[in-house]
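Starting off with a structure, shown below.
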Amino acid sequence: MSKRSASPPGGALIKRARSGSPAPNTQIAISSSNDERQQALIRTVKRTSSLEAPIISLSGSHSAEILSCRFDPTGQNIAACSADRSVSLWRTYSPNTNYGLISNLHKAPVLDLQWSLASQVLYTVSADHTLNVTDLTTGQRVRKLHAHRGIINSLDRTLAGGAGVELVATGGDDGTIRIWEGGDEGPKQPVSVYELGCPITSVAWSADGASIYAGALDNEIHVIDFRKNEEVYTLVGHTDTPTSLSLSPNGQYLLSPSFSSQTIIHDVRPFSPSPNRIHRVLMGAPAGFENTLLRGAWSKDDGGRRVGVGGADRTVCIWDVESGKVLYKLPGHKGTVTAVDFHPKEPIILTGSKDATMLLGEIEPTLGA
């Protein structure tokens, strides 16, 4: 891991509060004209987070598209992975430093990553067929697993049972879902393997850690009880391949964007009132023609009242879950928005794009401006 303490800060502020602002929760925007007669107050925005500015650009660390980016469980740090085969680490709050760049983990694009729930490690999967575990205190890879016979598109992790053992699920183009023991030590063989028979684009654990949801090339989401090693039911409704899966904070609903530009929220409660288990069908985030695995997410600070998915129109679409209406379309990127994540404690959204940059934004001031 290369240390970047001496390099310029990675976070470039787009809007910044004027020194001597009357209150810490107020953002003042001043016109940039050199004419003193035109230098006037444009608007005052009530601040809702601890970010230094309502919108912050995180750039300069990657030379190719960002494929996944996520907050850590505390919300203090951000990790992003890229087609340039590197992983970058950032501070969420001022000065938004890019404090680490790990460039020797994989031999092909890094397609997805997850922060560990139990230790200071980061899980990454790649087109080189491997699952790697990196110690974040040293920046060194501590485990390398030749996990699949094809490209690995997605991973998720959970804490299993009362023992607190972390399990990692991976899904790949070889048509298998594999379960691994997490952490910096563990066996090189999977705990469990399930053959689905067609390429898998996304995986997500159920809230109780007993089942795995797997989106596949057959346009269905397969629900696997990995303890019994059998499929218990499928979620249908998509007319094209699901690109990602994200479970709601209460564990009752599953978000799935797709190549058809249709995003579905599935009801995964044990006894769903809907026969087809479709809770909402959302439109507004175009998938485009590039077949990019767009990664959506649920808001967490409000218990999952909103969901967000990026699109090929270079914006992020945010919907109200209860009504299914589009709340906002967030601009700012110069390429397809590939990844979205919400801060675990504050109304902050994180987006990654094919323009090799990330944006941090306060949801309310950013969206309401």
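If you go along the chain as it appears here, the first residue is 1 and each next one adds 1.
Just so you know, glycine gets a Cβ as well, placed from its N, Cα and C.
Not measured: the values here are computed from a predicted model.
Pulled from TrEMBL, these are the listed features:
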REGION    1-34  region 'Disordered'
COMPBIAS  22-33  compositional bias 'Polar residues'
REPEAT    59-90  repeat 'WD'
REPEAT    145-181  repeat 'WD'
REPEAT    304-329  repeat 'WD'
REPEAT    330-364  repeat 'WD'
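Quick one: how deep are these features, and who are their neighbours?
Long-range contacts of the repeat 'WD' (59-90) within its own chain (CB-CB distance under 8 A, at least 6 residues past either end) are made by residues 1, 8, 10-12, 96-103, 105-115, 117, 122, 124, 126, 134, 136, 293, 295, 335-336, 338-339, 341-346, 348, 350-358, 360.
Each residue of the repeat 'WD' (145-181) gets a DSSP state, and the totals for helix, strand and coil are 0 helix, 25 strand, 12 coil.
Per DSSP, the secondary structure of the repeat 'WD' (304-329) breaks down as 0 helix, 14 strand, 12 coil.
Across the repeat 'WD' (330-364), the prediction's mean pLDDT works out to 94.
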Excluding the flanking five residues on each side, which residues at least 6 beyond the ends of the repeat 'WD' (145-181) place their CB within less than 8 Å of a CB in that stretch?
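Tertiary neighbours of the repeat 'WD' (145-181) are 111-114, 116-119, 123, 125-127, 129-133, 187-188, 190-205, 209, 212, 214, 224, 226, 244-245, 293.
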Residues of the same chain, at least six outside the repeat 'WD' (330-364), with any C-beta under 8 angstroms of its C-beta?
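Same-chain residues near the repeat 'WD' (330-364) but 6 or more away: 11, 46-51, 54-59, 62-71, 73-75, 78, 80, 82, 84, 90, 92, 96, 288, 290, 292-302, 306, 308-312, 314-318.
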